[in-house]
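Asker: Residues or ranges marked as active site, proton acceptor in Swiss-Prot: Asp136. As annotated by Swiss-Prot, ATP binding site applies to Ile15, Gly16, Ser17, Gly18, Gly19, Met20, Ser21, Glu22, Val23, Lys38. The domain 'Protein kinase' annotation in Swiss-Prot covers 9-278 and is backed by sequence analysis. Under the heading domain 'PASTA 1', Swiss-Prot lists 377-443, citing sequence analysis as support. Among the features that Swiss-Prot reports, domain 'PASTA 2' is placed at 444-512, with the record citing sequence analysis. Per Swiss-Prot, domain 'PASTA 3' is recorded for 513-577, and the stated evidence type is sequence analysis. Sequence annotations record features per position, and here Swiss-Prot assigns region 'Disordered' to 288-319.
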Amino acid sequence: MTFVIADRYELGASIGSGGMSEVFAATDLLIGREVAVKMLRTDLAKDVNFRERFRREAQNAGKLSHPSIVAVFDTGEVDRDGISVPYIVMERVHGRDLRDIVREDGPYSPSQAATIMIPVCHALQSSHEAGIIHRDVKPANIMINNTGGVKVMDFGIARALDDSTSAMTQTAAVIGTAQYLSPEQARGKPADARSDVYAAGCVLYELVTGRPPFEGESPFAVAYQHVQEEPTPPSEYISDLSPTAALNVDAVVLTAMAKHPADRYQTAAEMAADLELLSRNAVSRAARAHVEKPDEPETVVVPQRLSTPPPPPTPAMPAATVAAPAAAPTAVGSRPAAARQPKRGSRALTVLAIVLTLGVIGVGGAFTYDFLSNSSSASTQQIPNIVGLPENEAVLELERLGFTVVLTTEPSPDVAEGLVIRTSPNVGSEIREGATVTLTISSGREVVTIPDVTGLTLAEATREIEGAGLVLDQSIREENSDDYPAGTVIQQNPRAGGETSVGASITLTVSTGPSLVRVPVITGMQWSQAESNITSLGLVPDIYYVDSLLPEGQVISASGQGTELPRGSTVTVEISNGMLIEAPDLARLDVDNALKALRDAGWTAPDTSLIEGAPIPTGALVDQGRIGFQDPSPGQPLRKDAVVNIRLYRFDLTALVPEP
């Protein structure tokens, strides 16, 4: 049985499911577009708070527009078994996610992995600039389509997951996310754009090694490692890397995965810039910075809430700095050789000693996130709320606090020219004193000319509108139109040719075709009267005059009488031409009287059209010269101008002699 949502989206087979939702292949019946519909699980939809957050975040995700972000076209709610279930209508992507690709095909080379992660970081940067933190960046949320394009999914949905007070925390969605959870999220602190950078680093780690950076028997065990432990450098799992190539991939991955947000790439765009270098096997900025600064011994921070102090940590060996020729480029599509086992060294022994100490004093795995939140951190400064301030005031305030300020500009439909749109990192983020804060300043509205889409199909109009940087309002009106075919645009608001802001919404009115009219019954009427009955309704008569016994001009038949047809439809009408008469009975009339009888019946042919055939012998002298046969027979239809065939009797004596 076909299931249609909102009288528009026809659901097909289920194409995926997760901890909190199920995804169906679907068709947008209005414009014939292939889409995917994600529906929240019914047990989670019972939580009103979660449902509201899901709806709000879906709307936020729908505001994003980037080629590497799976587009959200529509949202709504549908009744399922008496429960109002939210759904999201998304772009349908044909391909595989990175989780399945790595599981089935093995890890990527560092340059290949970097090539994949570049558009991921660009997508994240676009999202962050729109004020949306993904919060659930992981391989399962990154698709590679059938043409090799990269698509990031589920923008904004994870915020609903983090903010929920429902039993959602027990679902597989959280368990799967723990492997890519930033330390600040594990501590229960707010996430910002750098939390997504950390998760992107975890994904990059898995792409080049074939395994996540941390694994454990429970989500808590994994989260604890994100907070307290350093990951094994990814180069330890990659064969055939030169020292320089190993340093390069390690620097990019571990910079993204720095424990403190201030030590990471501060924006996804910064990470993308280093990935560009890594994809070309060029030395990344992170690797260059590592080589240029003096090595510092690693230390392990022991939680402060233990009742008995653990043994002092054993310092790990400082990372070596080497200079060697750059690694030869790896062919696109190739995969590295089998990974070798990591060399753990004294750092691994130190971590093991701490874990054993925790086990001895009975703490085991029963820590809480509150415990993790007490880990020590470096001195930080909070970014003040300067959004909406003039540029000079904002710069002075940040410099007063000791931050380095970088300025960028972009158009904004909502923020006046010269005012701060946002900061990166976000307002309220805690970063190290002296760190760089990027201010995005409004350059005012960016305007575009509204294209004329009247007369186009809805699919064509959608492409024109989106190509102009505008958004199609999903509330599409429908009206009858005698001038525009069904499915084409009748009106648009705002009108074509005007100017509006990029991202503005365009509302369309689409034709459902002409209005319906009821065809009147006109059979038996004179056409001179019936014609106005047809044409006054906007119907078009198609007239055929036919031979008929009915009076000339009388309607014999009309198509569609009593039914409803679209205005402008053709009605076929048959009208009598009055050319038929009933043939009179000419039996035993002479030719003159026969002609008179024909004329009286309405026959208009010349006298010569009364054709005499072979005579009929008769022994009755009285029938001599009279008609004994006629064609057509009496009472049969006869065209007024048609030939009439007759045969006359002729007296013949032989007819009196009986045959022997």
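We count from 1, first residue shown onward.
Including glycine, each Cβ sits where the backbone N, Cα and C put it.
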Asker: Quick one: pull the CA-CA distance for Ser21 (ATP binding site) versus Asp136 (active site, proton acceptor), whole Å only.
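Answerer: Distance (Cα to Cα, whole Å): 14 Å.
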Asker: Can you check what DSSP calls Asp136 (active site, proton acceptor), collapsed to helix, strand or coil?
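Answerer: Note: Asp136 (active site, proton acceptor) is coil by DSSP, not helix or strand.
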Asker: Going by DSSP, give the three-state secondary structure for Ile15 (ATP binding site).
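Answerer: The three-state answer is strand.
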Asker: Using CB atoms and a 10 A radius, I'd like the single residue among the binding-site residues Ile15, Val23 with the highest neighbour count.
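Answerer: Its Cβ has the most other Cβ atoms within 10 Å: Val23.
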Asker: Using Cβ atoms only, which residues of the same chain lie under 8 Å from Ser17 (ATP binding site) while being at least 6 residues apart in sequence?
Answerer: Val23
Asker: Around the C-beta of Asp136 (active site, proton acceptor), how many further C-beta atoms are within 10 angstroms, looking at every protein chain?
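Answerer: Result for Asp136 (active site, proton acceptor): 24 other Cβ atoms within 10 Å.
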Asker: Work out how many Å separate Asp136 (active site, proton acceptor) and Ile15 (ATP binding site) at their Cα atoms, rounded off.
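Answerer: So the Cα of Ile15 (ATP binding site) lies 20 Å away from that of Asp136 (active site, proton acceptor).
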Asker: Within 10 angstroms of the C-beta of Ser21 (ATP binding site), what count of other C-beta atoms is obtained when all protein chains are considered?
Answerer: 22
